[in-house]
Amino acid sequence: MAGVNVCIKCSMFIFNFVFWLCGAIILSVAISIRAGKIGQEILAPGDADLNLFIAVNILIFVGAVIMILGFLGCCGAMKENQFMMILFFVGLLMILLLQVAAGIVATTRKSKTEQALNKTLLINARLLSSTDENERVFQKAFSELQEELKCCGLVNGASDWGSNFQHYYRTCECPSNQIPCTKYSGKTIYKQSCFASISQMFSKRLFIVIALAFGLAAIEVLGLIFSIVLYCQMRKK
């Protein structure tokens, strides 16, 4: 058969297309965490000792590089370009090592990251009762979020709002058939604060990204093997 084995070329192309899609998913989820309402408006005002977004920023970089590598791999396989295949192999190996290192760091610092998240939320709870005009953006964003999550207040419930409760109570209001509800200042509101819901939402999204990253590591090993085989066959032409 002339040229590189068609089966290997097609397998390499399909692998890189799936690889590119995985990179796009990691990038989109990581950006949604970093640039979403929780990341930008709810967590950002806090002053935690640890940067909660270090892992997310790394995953944004990894996702972008994976998409570039997937493109290089597809072009290198279809055009039988040795230089592209070398770039693909080196880049893929570096990403694999980075993912392993990031996974180890994330595992060893998991408890500290959770503590930093909790500290940030506790600090931001004080902003709800602030009368400073500069905090209105945060208060409005949180008001919309608590309506979406069906909760009220950040840590201690409606009391977190202080005198501002009269301005934002509508998003705290609990329908008569909604359980659990409670009474506060003559209003029927959600009993649960948003602390647990925000923590769970953030952790869930982060878990999805990390799970994708580790699952991708196994695919990357196959990619390294495919690229070596394909490069060797190109050299034999």
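Glycine residues also receive a Cβ, built from the backbone N, Cα and C atoms like all the rest.
What TrEMBL says about a protein is an automatic prediction, not a curated fact.
Computed from a predicted structure; not experimentally measured.
Within the same chain, residues at least six positions away from CYS172 (disulfide bond) with a Cβ under 8 Å of its Cβ are GLN146, GLU147, CYS152, GLY153, ALA158, TRP161, PHE165, TYR184, LYS187, ILE189, TYR190. Sequence annotations record features per position, and here TrEMBL assigns disulfide bond to CYS152-CYS172.
Long-range neighbours of the transmembrane segment (12-33) within the same chain, counting only residues 6 or more positions beyond its ends whose Cβ lies under 8 Å from a Cβ of the stretch, are 39, 53, 56, 59-60, 62-67, 69-71, 73-74, 77-78, 88, 202, 205-206, 208-209, 212-213, 216, 219-220, 222-223, 226-227, 230. For 12-33 (among others), the entry in TrEMBL reads transmembrane segment.
Feature annotation from TrEMBL assigns transmembrane segment to 53-74 (among others).
What TrEMBL lists as transmembrane segment is 86-106 (among others).
The list of residues near the transmembrane segment (206-232) in space but at least 6 beyond its ends in sequence, with Cβ under 8 angstroms from a Cβ of it, reads 4, 8-9, 11-12, 15-16, 18-19, 22, 25-26, 29-30, 33, 55-56, 59, 62, 66, 73, 76-77, 82, 85-86, 88-89, 92-93, 95-96, 99-100, 102-103, 106. The transmembrane segment annotation in TrEMBL covers 206-232 (among others).
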